[in-house]
Amino acid sequence: MEGVLYKWTNYLSGWQPRWFLLCGGILSYYDSPEDAWKGCKGSIQMAVCEIQVHSVDNTRMDLIIPGEQYFYLKARSVAERQRWLVALGSAKACLTDSRTQKEKEFAENTENLKTKMSELRLYCDLLVQQVDKTKEVTTTGVSSSEEGIDVGTLLKSTCNTFLKTLEECMQIANAAFTSELLYRTPPGSPQLAMLKSNKMKHPIVPIHNSLERQMELNSCENGSLNMEINDDEEILVRNKSSLCLKPAETDCSISSEENTDDNITVQGEMMKENGEESLGNHDSDLAQPELHSTSSSPESHWEEDQEVIPTFFSTMNTSFSDIELLEDSGIPTEAFLASCYAVVPVLDKLGPTVFAPVKMDLVGNIKKVNQKYITNKEEFTTLQKIVLHEVEADVAQVRNSATEALLWLKRGLKFLKGFLTEVKNGEKDIQTALNNAYGKTLRQHHGWVVRGVFALALRAAPSYEDFVAALTIKEGDHQKAAFSVGMQRDLSLYLPAMEKQLAILDTLYEVHGLESDEVV
């Protein structure tokens, strides 16, 4: 289905007409049908979103991925909204049925595998008994050849049954537990889906269980020990290493090679030492860090005395502190935008409802810059190249340009940085921290209407305890003393890196006279 719907953009532009296209379970929107060749301005996966009908406005409907993505839409009439609701609901139902069927097949295969494994254990025990019986017959020197033949026949039959059952187990396992079924995300998922990992409630360490299982399955199937680690697992392994390395003065060597494929294949062997699992390999693109203590000071042994607790900032998919600047302090576009997406959930933790307008503006500006980037990824490798390209084309200060979007994006990031700095420096009143950060950054660019919106949002700010609790990975961690240490540790790495990149952008905008005093 396709047609025009009104979409809420921001408090400045309000409701704007957009051309929407529902295809393959994905709802995409464009400025107009004629501009479709430029690529969609945004999309949402129907299988994972909620469809909500507005309680008052009978032409409005909201599409929401909780904590991640929001589409506020209005049709031109009640009948038109009804047609869209039927189409969207049908698309969601079809995708849900498909996922339910896959989950059902997965559960059935799991039960079948458990049954076969029980049979396998029975045949294994029987096989051991018959081997012992054969040894006994051989050692006692029984002359009855008939008894020896019977024992040999039974042993052969049991071996054949054991091998057949083992083969059936492997067939079920290969069908039910492939990496594609376990780790694959739905095709066409919005980029914001990467933020899901920030809401993980399980500890980082148990990842080795799934890695070990995958290695065992692949070794039986291919005859060699192969392990596939998808992007999310690679990030978790990296974060787990960084948790041990960041607080102390240690040397860490991690050799990695960028791979354009979705997965990274590592060949190696699994070794267990002192109850802890470690991954070792010889021909690998991912080398494990080696820890060398460089100091006998209390700081260098802090991990021996305190529990290392991961926080929201240490488990980000991509962090500003992970970004490596390119030549001439070039800020890599893709990594920067991914880091911006990763910090957006902080606004949800402050209040998913009252801070929704702030979040929508921030995400909207990220998407505008990304839209420019995907038009020519080879050329626009850095943010500076995007800005300079628009400066040369004399469109840098045109409304909705990538340069204008980046201007407001960096202002929004300065607000978040200012707020987090206040928290890091010991401010226990979240409302005060937000107000101080807003006064130093965004307030001068806002008119009285937008200032009023922010004032309302500030009044609804959570308590310090609730905000800190929302930054935990495991429920209850915020009550531990080590969590405060972890927050200080992570923010001490995160905020300086963020400040450095924003300073580079400030210099770029000042040199080319792109700063604007316009008030919105």
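Just so it is clear, glycine is given a Cβ too, placed from its N, Cα and C backbone atoms.
Feature annotations, courtesy of Swiss-Prot:
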{"type": "COMPBIAS", "residues": "275-285", "note": "compositional bias 'Basic and acidic residues'"}
{"type": "DOMAIN", "residues": "1-93", "note": "domain 'PH'"}
{"type": "MOD_RES", "residues": "THR139", "note": "phosphothreonine"}
{"type": "MOD_RES", "residues": "SER145", "note": "phosphoserine"}
{"type": "MOD_RES", "residues": "THR153", "note": "phosphothreonine"}
{"type": "REGION", "residues": "311-520", "note": "region 'Glycolipid transfer protein homology domain'"}
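This prediction places the mean pLDDT of the domain 'PH' (1-93) at 84.
Taking the C-alpha positions, the distance from THR153 (phosphothreonine) to THR139 (phosphothreonine) comes to 18 Å. In the three-state DSSP scheme, THR139 (phosphothreonine) falls into the helix class.
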